[in-house]
Amino acid sequence: VCFSGTVIGVVIYTGKETRSVMNTSNPKNKVGLLDLELNQLTKALFLALVALSVVMVTLQGFVGPWYRNLFRFLLLFSYIIPISLRVNLDMGKAAYGWMIMKDDNIPGTVVRTSTIPEELGRLVYLLTDKTGTLTQNEMIFKRLHLGTVSYGTDTMDEIQSHIINSYSQVHSQNSGNSTSSTPSRKPQPSAPKVRKSVSSRIHEAVKAIALCHNVTPVYESRAGVSGETEYAEVDQDFSDENRTYQASSPDEVALVQWTESVGLTLVNRDLTSMQLKTPGGHILTYYILQIFPFTSESKRMGIIVRDESSGEITFYMKGADVAMSTIVQYNDWLEEECGNMAREGLRTLVVAKKSLTEEQYQDFESRYNQAKLSIHDRNLKVAAVVESLEREMELLCLTGVEDQLQADVRPTLEMLRNAGIKIWMLTGDKLETATCIAKSSHLVSRTQDIHIFRPVTTRGEAHLELNAFRRKHDCALVISGDSLEVCLKYYEHEFVELACQCPAVVCCRCSPTQKAHIVKLLQHHTGKRTCAIGDGGNDVSMIQAADCGIGIEGKEGKQASLAADFSITQFKHIGRLLMVHGRNSYKRSAALGQFVMHRGLIISTMQAVFSSVFYFASVPLYQGFLMVGYATIYTMFPVFSLVLDQDVKPEMALLYPELYKDLTKGRSLSFKTFLIWVLISIYQGGILMYGALLLFESEFVHVVAISFTALILTELLMVALTIRTWHWLMVVAEFLSLGCYVASLAFLNEYFGDSHYLFSLFVSADVAFITTVTFLWKVSAITVVSCLPLYILKYLKRKFSPPSYSKLTS
């Protein structure tokens, strides 16, 4: 295909073929455990509705068209099914989300789902990423090791003085003979090995770090956005203060920033060259001949550059110690020092070089270009040609970069552990680094034993290692992704059972799909609720697989944040999100759900008593508008105000995270509490109806007036009985509902004047009776009998068997 013009760029992989999408699984529809439990209770209520209707028809003796009576009873008792439950709960969930986003203590938090806020109060397992989640993903250069000498943060000024002296000597020599831009002490590739001075080795190491990368310096325009692209450079400020670095990895930016701090600054880079500025202000230009980017398979990157002034060609390479140890020349210190740095929590990179003659490079270039033109096995052939250069490379240095912990990670992890939440750290980092971060973050106590799972590749090795692990008690587990794969292949149940007994688990070298697989394993084998938290695109699968996904807006973009159910800005915010908002959401929804059920059960009980007294007649006790008003304006506001209730103050919930353990047992909403509410509904419904039947006078209208008024008062008092901490809106809701009911008695007569419909039963028929003292004392007596015993029982229970939170509030 022929093109005219200039090619700007080529997009090779898009859409579903990109790596990030291939590592992402299809999200599932998440349903909260509370919703599932309420569904089970609703099914039980439906069976109760059918059973009660059948019993009423049976007691009638199946006379006449009994099936018609059966359906009439099904309609009369239909309030047993809490139709308004779903509406109330969804409104409550929306309120919880609003409260979370308006909490000033966790600014920037975004609730991206309105279905599972209660899950925050039921979590047992927290699976967390490391880089960017527990750590800040802000790399700081901490250590340079040259084999015989090591430099830390307190000795960086020595490196700076060596660099200044080294380049001043180079430029003084250049001014004398103008033949070389590198120190004369640098040996030729063919020269015999000579021990270099420390200054020379530092010079070579810093130069290699300053050249071997994919970092690009960026200068911001002075006036913001320039009108024309070709004139943009005129408006740019090329000063050191205006320069920032861009790279795919924060590790590389940290290395280049460190070389700038010691005197060798990257000032410009394009596709074919890069320029370095020495401490003396001279510009060194290097032409980029080839670049070999970092891949997860090779775990290293390389670059071939030509020095403009001397014409020397050098192949620089840096990478993980696992990949570089077989490439560099023999040494006796690399493995030991890598382990030491990893135990300090540093991310290590090995830097090496190889000088090439012009003939060597031309031979390599021809073979490399030929391999790139291959039709079959192109990647393998290209890798083979590059590997021909990666032999007997000169080891220059070992670098250590620290990824700092996020603010308040240690107290947050300790709080979660005290709350009974087991924390698993899933990371792609090496075993030593992951173990050190687990210790420094107090994910694993320094006094706690750690069982490091030896690498296993066969079934027999996995069996032996599992037996060794089984003999240890109360120890943290550290395992690599490869060993985990083998264990899950042959001994899935045994491994998960043992791992779940550990106080903490660290899985290193995990792929994104492995992270999601671990989440699903915990859900399948334990049946407990899981939460996954991460900050990058490689955490999306894990976040979507978990029952509750939390994303952190970090340096790796917003992929995790947008895919999560909840988005936070810092890891420490998860403490308040779970201990306060998770606790309140679960407790409030449990109380709200059961109270809505109670509201339907009590009026259905009254209907059943009424029908039983009048020879099992399928006649409604209350007419249409009363029934509609009962579930809406008369009781809706007080019942919904339960979403403002709280058993303990937020400060107390954060101070005593042990309170969170009770929530995971599901005691706020269970068949036991449901049966208690059913008994309360039957007792109160029976008292209200029988009381009204006993106390009514000459006309039947008095039964309806007394019983319905007592019912409304009972519901308002029951809300007050359920509330643990009063809010001013709760008081407003109580009086507003009571006012609406009184107003409907007083003012709706003119609208409902027909004596056969709606309010006519007790509004138009006998308004005078409602305003008498007789009416008031009868309603009060029935209401007291229905509510007072429950108040007494609540007081006695709180006195002799108080809940854990009441001990703290007292």
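The backbone N, Cα and C atoms fix where each Cβ goes, and this holds for glycine too.
Any TrEMBL annotation is an automated prediction that lacks curation.
Lifted from TrEMBL, the feature list:
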type: TRANSMEM; residues: 44-64; note: transmembrane segment
type: TRANSMEM; residues: 70-89; note: transmembrane segment
type: BINDING; residues: ASP129, LYS130, THR131, GLU252, PHE294, LYS318, ARG347, THR427, GLY428, ASP429, ARG509, LYS515, ASN538, ASP539; note: ATP binding site
type: ACT_SITE; residues: ASP129; note: active site, 4-aspartylphosphate intermediate
type: BINDING; residues: ASP129, THR131, ASP535, ASP539; note: Mg(2+) binding site
type: REGION; residues: 170-197; note: region 'Disordered'
type: COMPBIAS; residues: 170-187; note: compositional bias 'Polar residues'
type: DOMAIN; residues: 562-802; note: domain 'P-type ATPase C-terminal'
type: TRANSMEM; residues: 596-618; note: transmembrane segment
type: TRANSMEM; residues: 624-644; note: transmembrane segment
type: TRANSMEM; residues: 674-694; note: transmembrane segment
type: TRANSMEM; residues: 700-721; note: transmembrane segment
type: TRANSMEM; residues: 728-748; note: transmembrane segment
type: TRANSMEM; residues: 768-793; note: transmembrane segment
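Across the fold, the C-alpha of PHE294 (ATP binding site) and the C-alpha of ASP539 (Mg(2+) binding site) stand 21 Å from each other. If you compare Cα positions, ASP539 (Mg(2+) binding site) sits closest to ASP129 out of the binding-site residues ASP129, ARG347, GLY428, ARG509. In this chain, the transmembrane segment (700-721) lies in contact with the transmembrane segment (596-618); the count of Cβ pairs under 8 Å, excluding pairs fewer than 6 apart in sequence, is at least 3. Spatially close to ASP129 (ATP binding site) yet at least six residues away along the chain are MET425, LEU426, THR427, LYS515, ILE533, GLY534, ASP535, GLY536, ASN538, ASP539, MET542, judged by Cβ distances under 8 angstroms.
Contact counts against the transmembrane segment (624-644), taken as Cβ pairs under 8 Å, peak for 728-748 among the stretches 44-64, 70-89, 674-694, 728-748, 768-793. Sequence-distant neighbours of GLY428 (ATP binding site): residues of the same chain at least 6 apart with a C-beta under 8 Å from its C-beta are THR131, CYS508, ARG509, CYS510, SER511, ASN538. Summed and averaged per residue, pLDDT over the domain 'P-type ATPase C-terminal' (562-802) gives 84. Recorded stretches compared: 44-64, 674-694, 768-793; the one with the most Cβ pairs under 8 Å to the transmembrane segment (700-721) is 768-793.
The Cβ of ARG347 (ATP binding site) has MET139, ASP251, GLY400, VAL401, GLU402, ASP403, ASP429, THR433 as same-chain neighbours under 8 Å, each 6 or more residues away in sequence. By the criterion of other Cβ atoms within 10 Å of the residue's own Cβ, the least surrounded of the binding-site residues THR131, PHE294, ASP535, ASN538, ASP539 is PHE294. Spanning the listed ATP site, residues ASP129, LYS130, THR131, GLU252, PHE294, LYS318, ARG347, THR427, GLY428, ASP429, ARG509, LYS515, ASN538, ASP539 have a farthest Cα to Cα distance of 28 Å.
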